[in-house]
Structures are given as C-alpha cells and as structure tokens.
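Working notes, beginning with the structure itself.
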Amino acid sequence: MPHPHNKKIQSFWLITGIIFIAFNLRPAITSVGPVISSIRAELHMSNGAAGFLTALPLLSFAVLSPLAPKLGQRLGNERTLWLGLVILLIGVLTRSTGYTAALFFGTALIGVGIAIGNVLLPSLIKHKYPEKPGIMISLYTTSMNIFAALASGVSVPLATQMNGGWKQAFLLWGGLALLALLIWIPQLRHRDTANQTMKLQSSSIWASKMAWYVTIFMGLQSFLFYSSIAWFPEILRSHGIDTATAGWMVSLMQFASLPSTFLTPVLADRVKQQRGIVAALASVYLIGLCGLLAGGSHTLLAIWMIIIGIGQGSSISLALTLIGLRSENAQQAAALSGMSQSFGYLLAAVGPIFVGYLFDQTHSWTMPIVLLIAALIVMGAAGQGAGRDRYIFQSEKQRNSA
C-alpha cells in the first residue's frame, strides 16, 4: 500500500497534469479567429477556405474520436494522452512555418492531438474520481476555458508586436504543450485506466437513444462555440470595432464563461435531472445571440458577448458532465465520449464552413446569426432528452425498478 505522503504527491501531479492538458485543448484553435483576416490577406484565402481552416481541427476530432478509446485500451489512457500532447506539439511547430500546405497539415495534426485529450480526459476522470466527477470536470473545463480566452485576447497583440507576425504568435503555444508533456511524465508508469477489465460492444452505444441526445447536445454546443470563435471577430468588425478590440471582446466572452463553466458541473452533479439547467442556459444563450443580431453600441455589444459567454460556458461544461452522469463506469464514459465527440464534432465542423459560405453568398452577417439561433434551439431540445435521469444502456423498466 502506498505511503499516505506518496499518495498525496501522486494525486498532486495527477491533478496538475490534468489541468495542464486542459490548458492545451483550446489555445491552438482559439488563437486563429482574431488573426484570420491577416492569414487570409497574406495567403490570399477566401472566407470559405478560412472557414475550412478553422473547421479542420473539428474534422480531425470527428475522425479520431472513435479511435481514441481503442488506443486508450491498448496503451493506457495516461500514455495515450502523452502521445496526444506530442502530436499537438508537432502540429504547432509545423503550422508555424507559415507555408500554406504546412498551415493546413499542422492544423490537422493539432486536431488529432486535441481529439485524444478531449475523449480520454472525461474517461480518466470518471475512473480516478468516480465519487466526485462534477468538481473535477469543473476544474478541467474551467482550466480549458481560461487559456481559450487568453489565446483569443493576446493573438492580435502578439502577432502585431512580433517580427514573425501570426506565425510566431502561433509558435508560443508549443511551449505550453511542451510544459504539459513534462508534467505528465510521472503518469506514464500507470496503465490502470487501460480499460481491459470490461468489454463494451462499441456498436451497441450507437443504438442508445440517450447516447444520441448527449451526442447532439455536444455537437451543437461545439457548432456554436467554434462558429463564434471563428467569425465573431469579423462580425464585431462589421459593427465598426477594430481588429484588436474585437479579439479582446471575444476573449471577454470566454472569460465571462468561467463562472458558469465551473458552477454548472457542480450543480448538475447534485440534481437527478439536468433539464432545468438546460432550459436556463439555452434561454441566456438565446438572449445574447438575439442581442448580437440586433447590434447596438460598442458597450451593448460587449454586454451581448458577456451573456453569450455565460450560456457558452454552461453548455460546454454540461456536455462534458453528461458524459459521466449518463455512464455507469469509465468504459461506458470512454465509449460515449468517443461517440459524442466523433459525430458531434463532425456536426460542429460544418459550422465555421457554412457560416463563412453564408456570408460569402449574402454579404451580411444576419443569416449566419439566424443559423446559430436555430442550432441553439435544437441543442436545447436535445438537452431536454440528455438531461433525464437515465444511463445510456438503461431502459425505462430498469430505471423504475432501481
């Protein structure tokens, strides 16, 4: 039996490692939106091509998410997460060379690395902290959103002040990945989350109605998040806001999401059904999007961004919390995480591309914002199904007899 002091040290490094992996799951993506106009001008891209660049990590998520649980079973979640960080670092270095082909290839690699973390961290948390997944999901999602917000805010100032422009600004996030790699090294000797003790028929989860509710909720909240990260800076610029300020306003949106990001999983963990939480966050989100559609002064636009951020923070943290709440064990959590983030991110990948395409066709941001509102309404409906007190493989009869 490990000495209590050693156990505390191991727990410290595990929690620190989870936090630093979470730090890396968004900045390489959210740093792109504020400087997309500079990239587009330098590399002569259309809005559609720029939208595809933003969607590329999501396509990587969609392809890799079903494979990540299987890789975790083979290598262990700890080693697979470390491998994901290595791939992320290589992607950041490749993208920062500035060549068009390298930009797209590096971005795809970044998506592969992040996909592994996206899928396996909820499973690892479910395994390591089965009695208190809510607080750990809060810690994980809040850490993720802090650096997502920071990356949005500092991208333009860094690109402006550095000789290498946006290329050198992107390179800085490689240092964060390297730091996480080093911190996670103590976990490499563990394989206890390799999920070898139980077999789960991967095909069965696709027949679960509850799994589909969670997947659609996950997919549409991602659709909304990544569309906003990609195009809100441009929407704000259309209201007369300069590029740097637009970047900081998107950053403000993400910082505003932090309280709801942290509190939502804790609250969701304490109630049997999460349908009321879904209704509340969807209502707040809707107010913000309708406000953005209406426009207004710079101050009013900042208020709409804050309101959107509150809804956004709740939706991402609740989506991740539902993976654990609707699963009976770590194996089910890994399978549900893989499904929801595969089909879900495939759906999300359509967002930035289609929003860019709609703007190219209409030369107005009205229809793209209306599309986001429609996606939010469907997300709320799926959330009502996902918020019921039921496991993914639990029938109504089993639930009533429990």
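A Cβ is built for glycine as well, from the same backbone N, Cα and C atoms used for every other residue.
Under the heading transmembrane segment, Swiss-Prot lists 12-32 (among others), citing sequence analysis as support. Among residues of the same chain six or more beyond the transmembrane segment (12-32), those with a C-beta under 8 A of the stretch's C-beta atoms are 39, 53-54, 57, 81, 85, 88, 91-92, 95, 110, 114, 117-118, 121, 124-125, 128, 136, 139-141, 143-152, 154-155, 169-170, 173, 176-177, 179-180, 183-184, 186-187, 226, 229-230, 254.
What Swiss-Prot lists as transmembrane segment is 48-68 (among others).
Residues or ranges marked as transmembrane segment in Swiss-Prot (evidence: sequence analysis): 80-100 (among others). Distant neighbours of the transmembrane segment (80-100): 21, 24, 28, 43, 68, 71-72, 106-117, 120-121, 124, 164, 167-168, 170-171, 173-174, 177-178, 180-181, 184-185, 187-188; these residues of the same chain sit at least 6 beyond its ends, with a Cβ under 8 Å from one of its Cβ atoms.
Taken from Swiss-Prot, the feature transmembrane segment covers 101-121 (among others).
Annotation comment: Swiss-Prot describes 134-154 (among others) as transmembrane segment, evidence class sequence analysis. With a cut-off of 8 Å between Cβ atoms, the residues of this chain six or more beyond the transmembrane segment (134-154) that come close are 15, 18-19, 22-31, 33-34, 121-122, 125, 128, 169, 173, 176, 229, 247-248, 250-255, 257-258, 261-266, 268-270, 313, 316-317, 320-321, 324.
Under the heading transmembrane segment, Swiss-Prot lists 168-188 (among others), citing sequence analysis as support.
Nonlocal intrachain contacts for the transmembrane segment (212-232), taken as residues 6+ away from its ends with a CB within less than 8 angstroms of a stretch CB, comprise 29-30, 32-33, 36, 50-51, 54-55, 58, 148, 152, 246, 249-250, 253, 278, 285, 305, 308, 312, 315-316, 318-319, 322-323, 326, 336, 339-341, 343-352, 355-356, 359, 365, 368, 372, 375-376, 378-379, 382-383, 385-386, 392. Among the features that Swiss-Prot reports, transmembrane segment is placed at 212-232 (among others).
Look at Swiss-Prot and you will find 248-268 (among others) tagged as transmembrane segment.
Residues annotated as transmembrane segment in Swiss-Prot: 291-311 (among others). Through the fold, the transmembrane segment (291-311) approaches residues 228, 232, 235-236, 239-241, 245, 249-250, 252-257, 259-260, 281-282, 284-285, 366, 369-370, 373 of its own chain, all at least 6 residues removed from its boundaries and within a Cβ separation under 8 Å.
The annotation transmembrane segment is assigned in Swiss-Prot to 339-359 (among others) on the grounds of sequence analysis.
Positions annotated as transmembrane segment by Swiss-Prot, on the basis of sequence analysis: 367-387 (among others).
Beyond the ends of the transmembrane segment (248-268), by six or more residues, the same chain brings 30, 33-34, 133-135, 137-139, 141-142, 145-146, 148-150, 152-154, 228-229, 232-233, 236, 241, 274, 277, 281, 301-302, 305-314, 316-318, 320-322, 325 to within a C-beta distance below 8 angstroms of the stretch. Non-local neighbours of the transmembrane segment (101-121) in the same chain are 18, 21-22, 24-26, 28-29, 39, 43, 53, 56-61, 63-65, 68-69, 71-72, 77, 80-81, 83-95, 140, 177, 334, 337-338, 341, 345; each lies 6+ residues outside the stretch with a CB under 8 Å from one of its CB atoms.
Nonlocal intrachain contacts for the transmembrane segment (48-68), taken as residues 6+ away from its ends with a CB within less than 8 angstroms of a stretch CB, comprise 28-29, 32-33, 36, 39-40, 80, 103-104, 107-112, 114-116, 118-120, 202, 222, 226, 229-231, 337-339, 341-346, 348-357, 360.
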